[in-house]
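Visitor: According to Swiss-Prot, the feature topological domain 'Cytoplasmic' maps to 1-285, 351-357, 522-540, 645-673, 725-755, 806-852. Per Swiss-Prot, region 'Disordered' is recorded for 21-41. Per Swiss-Prot, compositional bias 'Polar residues' is recorded for 30-41. What Swiss-Prot records for 286-306, 330-350, 358-378, 401-421, 423-443, 501-521, 541-561, 624-644, 674-694, 704-724, 756-776, 785-805 is transmembrane segment. Here Swiss-Prot flags 307-329, 379-400, 444-500, 562-623, 695-703, 777-784 as topological domain 'Extracellular'.
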């Protein structure tokens with residue numbers, strides 16, 4: 001040990017003690033460890049008694065090296081204290097009562113401390129060598145099957161191992177299929193282990209342990225994807241593990257078992273995969289991927305519900321409050337996904353930091369949400385077509401447009417992810433530019449300028465003193481009236497209670513408009529340098545979305561009357577009354593120009609038409625009929641391109657679930673360019689749901705499915721906050737890894753943990769009160785109830801099923817896996833662009849680049 005620099009030992013980095021490979025002593029140590037006395041004591045040079053080491057191992061219950069390392073990782077002089085205590089133990093001490101005795105060398109000066117560090121290093125080095133030597137000699141660790149085989153009174157031939165819950169369910173299902181198919185039952189033993197083996201070696205024990213103790217089983221897929229590794233070799237190792245696990249299950253039954261055949265097929269399918277997703281997305285790609293999903297039907301169509309129930313200021317306030325809650329959620333989870341940017345997405349991180357069943361339910365709930373969002377985007381594109389009365393929109397034409405819009409999203413998602421990113425970027429930047437232009441357009445029209453010179457509108461529709469007849473202006477609607485059909489909203493709940501309910505309703509409505517901002521986390525597995533990309537993309541995305549929403553809502557809110565019956569109603573049961581009000585012109589006398597006319601198809605009022613968009617209504621108010629028609633066509637483009645983001649999130653969620661062994665492994669299959677085409681194709685099959693828009697009688701049922709999609713998003717946001725809080729408190733207990741205050745910490749979100757608590761409480765309220773109007777007298781609707789709480793029901797069913805059939809449990813904070821994925825990213829070097837002040841032109845260019 002004299003060759004080791006003693007000063008270097010004072011700054012350890014492995015389990016608090018620096019370990020170095022002693023190649024010069026490897027042969028001597030191995031040969032020394034091979035000597036065995038009759039009493040089991042081994043004499044080793046360096047005055048270390050391995051008999052004492054063995055007694056420490058037995059006392060601590062260290063069956064393998066992993067348990068040993070986990071026990072000593074947070075204690076600097078653990079072995080020194082234990083060894084000294086054992087060595088100084090006398091007969092008198094053994095006969096005395098059990099009291100904790102501490103035998104330590106007092107730390108008096110620098111040299112004493114250095115000696116203790118060196119002594120601890122020697123003990124740990126010997127212990128490591130001891131474990132390695134016993135592994136080479138096949139130290140057998142008997143499993144439950146082997147113990148009962150040797151020591152059961154019934155003997156090894158008659159004993160049948162009891163089944164756990166998972167095995168019982170599989171056994172029942174196996175017997176059912178066996179009876180149906182006429183397969184003879186030849187059961188040897190009920191065991192998941194190989195009955196031909198007496199026990200398992202240390203290596204096999206580690207393999208089995210890693211698949212049960214680690215929550216996120218996808219250790220391979222949790223690595224940094226761009227890390228320079230031999231993919232073929234690593235996949236060979238994974239397949240070898242799968243084959244070993246399969247061999248254990250195949251030994252259960254001599255005859256055929258359908259369930260075991262299915263498991264064998266799944267294991268073989270994993271062996272065929274050669275490629276995985278690749279990091280090709282830049283900041284601007286990820287940014288526009290989320291923006292493209294947000295700037296769609298949620299803002300430009302369903303915002304009409306908010307205006308009709310809460311008025312202009314209530315709508316603005318509700319959108320702002322919802323934005324603050326979601327901002328807290330995004331900033332919190334950004335910190336977690338930046339430190340550990342794994343390809344399993346937020347489902348995998350939720351499994352790791354909350355519970356396996358929680359991550360399972362969260363992942364499948366989000367997949368259901370995205371799966372329903374795709375046909376919702378496609379069908380809403382066809383709904384806008386009803387605006388054009390001179391176009392014959394037959395069922396065949398509608399089906400053709402649905403096919404066209406669906407095929408567009410599918411083809412784009414099957415392209416190389418970098419090409420898809422460029423397409424999404426062009427579409428997203430176009431949406432941002434159009435949104436900015438519409439803000440200026442609304443302000444110019446409000447000031448009295450436009451096609452024809454007209455009087456300025458100002459804040460006329462915000463001033464309750466300017467109300468006339470049945471036109472009730474004001475910051476809020478006069479009352480919280482769910483049954484208002486253009487009569488002025490005078491029969492509902494008035495006062496502060498009514499305004500509170502109106503604002504709360506807008507907050508629930510706006511969750512659909514903000515759905516999609518979480519897509520930056522799904523793309524973390526395909527982001528170039530995620531520790532820089534994800535925080536930047538998240539902050540830019542939400543800044544653009546929130547600021548754009550506020551200005552868009554404000555600018556259109558000053559140009560429309562919130563009581564116009566052409567806007568979508570919050571309660572769908574009054575669609576017929578609103579249609580009659582439109583025919584009579586009730587609530588439409590506020591318009592400055594009435595030259596924009598057209599037929600209205602009553603059958604489509606319940607789901608919204610081109611007339612229902614507040615921006616189209618505002619343009620018609622100023623007599624800009626051609627402009628209104630053109631913008632309605634732009635809205636078709638907005639919703640059609642949003643389908644790309646919906647299918648992307650749907651396919652990547654399915655891929656992540658497969659990576660975690662929570663979905664069939666076939667969904668892991670990727671093309672050579674890193675596209676999970678099996679997940680894309682399977683997810684796209686559900687776009688056929690959009691064809692129910694062809695049949696007008698089924699539109700109401702489709703509206704229920706769309707509401708399930710939007711309501712489920714709040715559950716996802718709630719899960720993101722909960723995952724971060726568990727991570728936050730677990731990180732505070734791990735003193736041996738990076739701290740949040742460290743300068744090298746990738747991203748530190750502000751005001752924690754209060755920010756995450758605020759987001760968790762807000763999102764939980766969204767989930768609980770999503771369907772509260774159903775409990776108001778005379779407004780119960782079974783379909784509306786299930787559309788509001790259907791996602792929550794699915795989440796609890798998934799969670800309970802996985803909890804019952806699996807082995808999921810909530811881990812203690814000190815047992816959470818804080819290393820998988822993080823350490824690989826720590827070892828990855830990214831090439832960063834040099835940053836400098838530059839000229840004014842370069843600064844301006846940099847500002848524009850940061851925004852878009």
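Glycine residues also receive a Cβ, built from the backbone N, Cα and C atoms like all the rest.
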Visitor: Please indicate, using numbers and ranges, the residues of the same chain that are 6 or more beyond the transmembrane segment (330-350) and have a C-beta under 8 Å from a C-beta there.
Guide: 216, 218, 221-222, 224-225, 276-277, 358-360, 362-363, 366, 517-518, 520-522, 524-527, 530-531, 534-535, 538-539, 542, 652-653, 655-657, 659-660, 662, 716, 719-725, 727, 738, 745-750, 752, 755-756, 759, 820-822, 825
Visitor: So, do the transmembrane segment (286-306) and the transmembrane segment (785-805) meet, by the test of 3 or more Cβ pairs under 8 Å (sequence gap 6 or more)?
Guide: no
Visitor: Could you check whether the transmembrane segment (423-443) packs against the transmembrane segment (541-561) - three or more CB pairs closer than 8 Å, residues at least 6 apart in sequence?
Guide: yes
Visitor: Counting Cβ pairs closer than 8 Å, which of 358-378, 501-521, 704-724, 785-805 has the most of them with the transmembrane segment (756-776)?
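Guide: Most Cβ pairs under 8 Å with the transmembrane segment (756-776) come from 704-724.
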Visitor: With CB pairs under 8 Å as the measure, which of the listed stretches 358-378, 401-421, 541-561, 704-724 comes out on top against the transmembrane segment (674-694)?
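Guide: Counting Cβ pairs under 8 Å, the winner is 401-421.
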Visitor: For the transmembrane segment (785-805) and the transmembrane segment (358-378), decide whether they are in contact, meaning at least 3 CB pairs lie under 8 A, counting pairs 6 or more apart in sequence.
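Guide: These two stretches do touch.
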Visitor: Do you know the DSSP helix, strand and coil residue counts for the topological domain 'Extracellular' (379-400)?
Guide: 15 helix, 0 strand, 7 coil
Visitor: Do any residues of this chain, six or more beyond the ends of the transmembrane segment (501-521), have a C-beta under 8 angstroms from a C-beta of it, and if so which?
Guide: 286-287, 289-290, 292-294, 296, 298-299, 302-303, 305-306, 309-311, 314-315, 317-319, 321-323, 326, 330, 333-334, 337, 345-346, 369, 373, 476-477, 480, 493, 534, 537-538, 541-542, 545, 549, 570, 642, 645-646, 648-649, 709-711, 713-714, 716-717, 720, 766, 769-770, 772-773
Visitor: Of the stretches 358-378, 401-421, 541-561, 624-644, which racks up the most C-beta pairs under 8 Å with the transmembrane segment (704-724)?
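Guide: Answer is 358-378, with the largest number of Cβ pairs below 8 Å.
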Visitor: For the topological domain 'Cytoplasmic' (645-673), what are the DSSP-based totals of helix, strand and coil residues?
Guide: 19 helix, 0 strand, 10 coil
Visitor: In the topological domain 'Cytoplasmic' (522-540), how many residues does DSSP put in helix, strand and coil?
Guide: 16 helix, 1 strand, 2 coil
Visitor: What is the three-state DSSP composition of the topological domain 'Cytoplasmic' (725-755), stated as helix, strand and coil residue counts?
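Guide: Counting residues per DSSP class in the topological domain 'Cytoplasmic' (725-755), I get 11 helix, 0 strand, 20 coil.
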